[in-house]
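Listed features, source TrEMBL:
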DOMAIN    244-379  domain 'GGDEF'
TRANSMEM  21-41  transmembrane segment
TRANSMEM  47-66  transmembrane segment
TRANSMEM  78-95  transmembrane segment
TRANSMEM  101-121  transmembrane segment
TRANSMEM  128-147  transmembrane segment
TRANSMEM  153-172  transmembrane segment
Amino acid sequence: MPCSEMEDEESRHYRARLNHTFVLFAMAGLACFLLFDYFQVPDAWPTLWLGRFLLLGVCVLCVTLLRRQPRRPDDIALLGAVCANLYFCFGATMIQDAITLSLWNLSFSTSMLIAMPAWLVWGWRYQLVSSLPLILGYLPLFLWLSPLSLKDLAGAGGAYMVATMIMAPALAHARSSTFLRTVKLRRALEVRNAELSHMNQQLLTQQHELEYRANHDLLTSLPNRRCGLEFLDRTLAASLRERRCLSILFVDVDRLKYVNDTFGHPQGDRLIQLVAAGAAQAAGEEGMACRLGGDEFLVVLPGACDMASQQAANQLMHHLEAQRLEEQIAFPVEVSIGRVTHDSVLQGEISVQDLIHIADDRMYRQKRAGRHAVVKGSNQQA
Ligand SMILES: Nc1nc2c(ncn2[C@@H]2O[C@H](COP(=O)(O)OP(=O)(O)OP(=O)(O)O)[C@@H](O)[C@H]2O)c(=O)[nH]1
């Protein structure tokens, strides 16, 4: 829905609500003045009451129509206001004394001056149309039907009434333009807020993507070197503190260059991905496998002593062999693994660098010894 239409829609709903409240208030006011008619205009109260009840009927009709969310709620309120002002003109002609006429005039003028601009959001034209019966009808009717003179009328709030008729449209205009400006600003604010939250969402998505890229290797989706070493650092510290075992596997793909050169780089990539999947599986739920770079991987096994780490290494080798057979891969899917287990109870402190260095060394020893195997042991066996 275009912005301007939404603005109209919102403004209309708001106007309908205000008009509805205003008519209810007007009804309460009309009912309260029944006693005024009875005591202050004893000769004509039945006629005034008849008029008041007719007017209350019109108000009920207005309320009913306003509740149906009409397209032009101001027109309905205008109908009520015109009828009320007509009644006011006729009622004034039935009053016999100047004091009561003053009260009558003041009550209506005040409601026009204060109540209407306070409750309704009318442009000056509507306000003017509503006042037309007063402007055009009051004086002729008064001169024709009232027993009082023009002098009495002048002393009974006549000047105040004239001032009211001039000021009411001006007040209505000021109120209406402020209201429309507020609606427009609120709508603009909502649109801007929606844009900002959309942009925020996009930024969050981008931030997550950047975080992922900063911590992961895109070819294998494994954590990258930095992330893996951070994990090892934390895990080693926890193992030393809790006096638990910790094992790592330094995994290097065998003959990747040969696979690249003979079967092409995509197959080389595939080999790397196969090893990565195997390493992740061997790491299990508690551990972590990361790609250190090129064809090197690190598997961190928290809590794994010698036997468990040997099992993990074997699991990796078997996984690769099984994959090769299952997918009928023509090139070798093999790795050399340098395995280190550190038992903090028996061996005390060790640094991450030393741990990796030992594992790396063992892996190279295996390479030199003919590849595709695990060099095993605790770090003291190095
Ligand atoms: N396809 C592919 N090749 C890579 C990637 N990263 C590194 N390489 C290649 O992997 C090869 C690694 O060579 P080497 O270190 O000699 O290792 P190798 O050929 O596996 O030999 P050994 O480790 O001795 O068995 C190099 O030719 C690199 O260009 C990669 O992401 N994809």
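Each residue, glycine too, has its Cβ placed from N, Cα and C.
Among residues of the same chain six or more beyond the transmembrane segment (128-147), those with a C-beta under 8 A of the stretch's C-beta atoms are 78, 81-82, 85-86, 88-90, 92-96, 112, 116, 122, 153, 161, 165, 168-169. If you average pLDDT over the domain 'GGDEF' (244-379) in this model, you get 91.
Cβ atoms under 8 Å from those of the transmembrane segment (153-172) belong to residues 98-99, 101-102, 104-106, 108-110, 112-113, 116-117, 120, 122-128, 131, 134-135, 138, 142, 146 of the same chain, restricted to positions at least 6 beyond its ends. Sequence-remote contacts of a segment are chain residues at least 6 beyond its ends whose Cβ falls under 8 Å from one of its Cβ atoms, and for the transmembrane segment (47-66) they are 16, 19-20, 23-24, 26-27, 30-31, 33-34, 37-38, 41, 73, 76-77, 79-80, 83-84, 87, 90-91, 94. Within the domain 'GGDEF' (244-379), the DSSP-based counts of helix, strand and coil residues read 70 helix, 34 strand, 32 coil.
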